[in-house]
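Okay, structure first, notes after.
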Amino acid sequence: LLYIVFYGVSRLILRSYLKPPKRYWEVNAGEENGEAENTDVSPNQDNISKEQPDKIRDERRQKKKRSHGSFISGKKDPFPGEAPIPNEQLKKFQRGEKFQVVIAFRLGKVKETILRSEAASDLALKQAARYDLLLPEESGFLEGDDDEDTCTILQEDIADAVDITSGAKYFNLHLTQFGPYRLDYSRTGRHLLLGGKRGHVSCIEWQTKNLTCEINVMETIHDVKWLHSEAMFAVAQKQWLYIYDSKGIELHCIKKFNNVLRMQFLPYHFLLATASATGFLQYLDVSVGKEVSAIGTKLGRLDVMAQNPHNAIVHLGHPNGTVSLWSPNQREPLVKMLCHRGGVRSLTVDRSGTYMVTSGLDRKLKVYDIRAFKALHSYFLPAGASCLSLSQRGLLSAATGDVVQVYRDVWGGGSMSKPYMAHRVRGAVWGVDYCPFEDVLGIGHEAGFTSMIVPGAGEPNFDALDMNPYRSTKQRQEWEVKALLDKVQPELIGLDPGLLSKVDQATFEQKHKERVEALGYDPLATEKFKPRLKKRGRSSAGAVERRKKKVAHEDQKDTIRKTVEERMERENERKVKAQEQAEHGTRTALDRFKK
Amino acid sequence: MKVKVLCRNPDDYVRETTRDIQRVPRNYDRTLHPFEVPREYTRALNATKMERLFAKPFVASLGGHRDGVSCLAKHAKSLSTVLSGACDGEVKVWNLSRRECLRTIPAHEGFVRAICSRFCGTSFFTVGDDKTVKQWRMEAPGYRVREEPLNTILGKAVYTGIDHHQSEGTFATCGQTVDIWDEQRTSPIRSFSWGVDSFSCVRYNPVEVRPLSAHLKNVPLLFQVIMKLRSNTLCWNPMEAYNFTCSNEDYNLYTYDMRYLETPVTVHMDHVSAVLDVDYSPTGKEFVSASFDRTIRIFPKDKGHSREVYHTKRMQHVICVRWSADNKYVLSGSDEMNIRVWKANASEKLGVLTSREKAAVQYNQKLKAKFKNHPKVRRIAHHRHLPRDIFKQKRELRDMKEARRRKEQNVHKHSKPGSVPIVTEKEKHVVTVVE
């Protein structure tokens, strides 16, 4: 008791220190304060002292608000408060839904943490949305005159109309000797890798037209792919997979990967996924040189392959019209969907991982929502499409024979009768690929390579911490180290890449299993009754059964008694409550002081 | 025909001169940053690994005592000064930044039991086994001048603890009784005793105007908690001064709220031998404890288990421990005559950090906090190497506890409902509370 008094006194002293000096305009307020102090001795003092800082804060806030609206000169701010952010912009950066904090949340600390983190993410969201204004570049576009179709505009005309540097992005490489060509752009979009069917490989810094290396591997080439940087590339040759460096020196010949037809590189996992003629889907970790997994798909020759950039799932197309989705962690396909009546000729996935576009021998082009595995649109192309590719901004290029057509707004359900752009090349098309961060479509065909200008294809603003086309050697080296440190383990590949951040609501069985493991025994298990062996003929089978039954009955009785008691208790409680309510009628806010 | 094609001017993206910093244009679009969660997770895992990799908590060892270090005290004003007393009666004053002994005072005959610095930092008090309380000047005497105490008080019985008031000229000692002294007088102003037990530690409450709390089987001034085993020392939480933690002979530490002394707020378990000393960090969020099992442990104030354990091959029974006033270091004095300086945060980089380093540290901390419950991260973050004997003892204790729990459960199960109450771990150790 003595202590409590001391405690109170010390609080009083503290309070008097905190109080600001009295001012002449505070006559009334002072009286109020005095009253408050008189009541101070009561045990409620805590509430009062807590309220005071709140009041001060509120006043400050109000003052701030006032300062927004008016100046000393009397002028008014025509745009008070912070600038509004359009809702669409906010939506673009939103991750998940806001957590609704229940007002009657008991756990004060948890509530506080949640509120604080919500506020922080809110701020981050707003800042990111505001930053969009500062992005330096705008995307390209192509608009025809009044009754001019954009698809009739020739590449030469576009090249003439735009500035010289952009115009130079339309060019042809006549390589008739070793064609047809497959191609791949590096992730920065600076380097181009060409691989001719008859063994010709060349790396070109395509904007400066600088040839970094040119070799002939003297073997059939099925596919070429850049690895994580422009220092290394993989070539799928007649029998084995080879890795060369940017000078064309053979670094590895990987004999475990044979008869590879198509390759995909998963940049954040440092995995090279290969699909072979023998039906094997293999993953090579290029950072350590280890085969991560080899899956026998048992689905025949695999020559249609694409990756989902959103979740690193590999999509394979098959001659029976199915598309299967694979992760390195599972021997069976994650999903198998029937997409076409004939075989699947080509497929591609957009970069947000929402849409998949496939084309098949039935001359259909289909758009799927791969979150719901649902077909959205089906278009009929008279000649069918052999190669498909999606640009960063969602333009679809489809090659039919020697014509490459570019479509706009494919998943919006726009008409496919008129393409956005079209271009005829000199031979049958073997590979199309959009150059990242540029309005350029690369086409590999029988007579060489064509670089085509497609306005509005590339993402105008890159993020230099992720991919920087203008990076120096030093920056590339640093990026490489960072990227390797952030390498995502192949075990984390799954349909939902955000799964790790979600709350794992373990099922009751799981929790129970863990508990049993931790304790070493099952706390919920009821031990089976084992009747003791009795002598003198009392342990006959019938007697044992009878005893067992007796025990079982008793157990049952116990449980029944318990439930009945619980029910009675609840009933009583309810009655008492009802009675109370009936006595008092409806309670008002002031009733709490009655007692 | 209207056409616009993307065409960037390299000058906007490349630095102008080599002395410039690189330009890093950003775009926060989510589709440009796929796998954000797995990548963050990887970063968190790496950060946790790095933390364990760089966990080198041992900073320095201060040798020079000729007997076990029995007590340590912080200087009230100077961060770098530390006082230590040894079992042979010597008191040493140390400079931590230079890691050297400034002064050696033959203060007592027998043990120096406790030291405390005066709030102004100009003098300090020692008590020893020779039944005296001595006050010493903080500055060293001149060349060839003998070390002599400012004051000496001869008492009737051995004093075991001393603590000075935060702002007044009074101090308290304990032994057979708890005495409150005025610095100007040679006899106590007041003296308290409860029963026949002796007191092992006395501490002023850091915010209270009036004293203090003293300790036998754990005795704050106005209340008395009687526990099953002896409490060795006690320390007030400097931020929440109604909370205190006491170290106990039964291997545990107990945090009490002095308004509700019936049960401790938290029981801190992890030591495998008697806990000899405890000291709070100046932030009041954590405390450090020294134990007879040759380790020191750092506990969060509201957690039942320690977050960190420090040990070396050479460190013997740790007798006293202090948390430095800048919240960065922990000092421990042990039986084998050394005072050791440890980092309070084992993997912290000492010295000045650049702003980028600071940002990286903060980012990593946030990541670790975000993914701390993931099994892989948790396993790495929680793993601590323990000396073999302590590891074995820990396992043994766990088995014993489990057996005891099982037995209690069985007793409870097989006796009449209600006749055997379930006693929680918190309730177990308190015998009674006397006002």
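Heads up, the Cβ atoms here are built off N, Cα and C, so glycines get one too.
Those TrEMBL annotations? Automatic predictions, nothing curated.
Owing to the predicted nature of the structure, the values given are computational and were not obtained by experimental measurement.
The domain 'Sof1-like protein' annotation in TrEMBL covers B:344-430. Annotation comment: TrEMBL describes B:62-104, B:268-299, B:311-352 as repeat 'WD'.
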Taking every residue in the repeat 'WD' (B:268-299), what is their average pLDDT? 95
Secondary structure split (DSSP) over the repeat 'WD' (B:62-104) reads 0 helix, 25 strand, 18 coil
Checked against DSSP, the composition of the domain 'Sof1-like protein' (B:344-430) is 55 helix, 1 strand, 31 coil
How does the repeat 'WD' (B:268-299) divide up by DSSP, counting helix, then strand, then coil residues? 0 helix, 18 strand, 14 coil
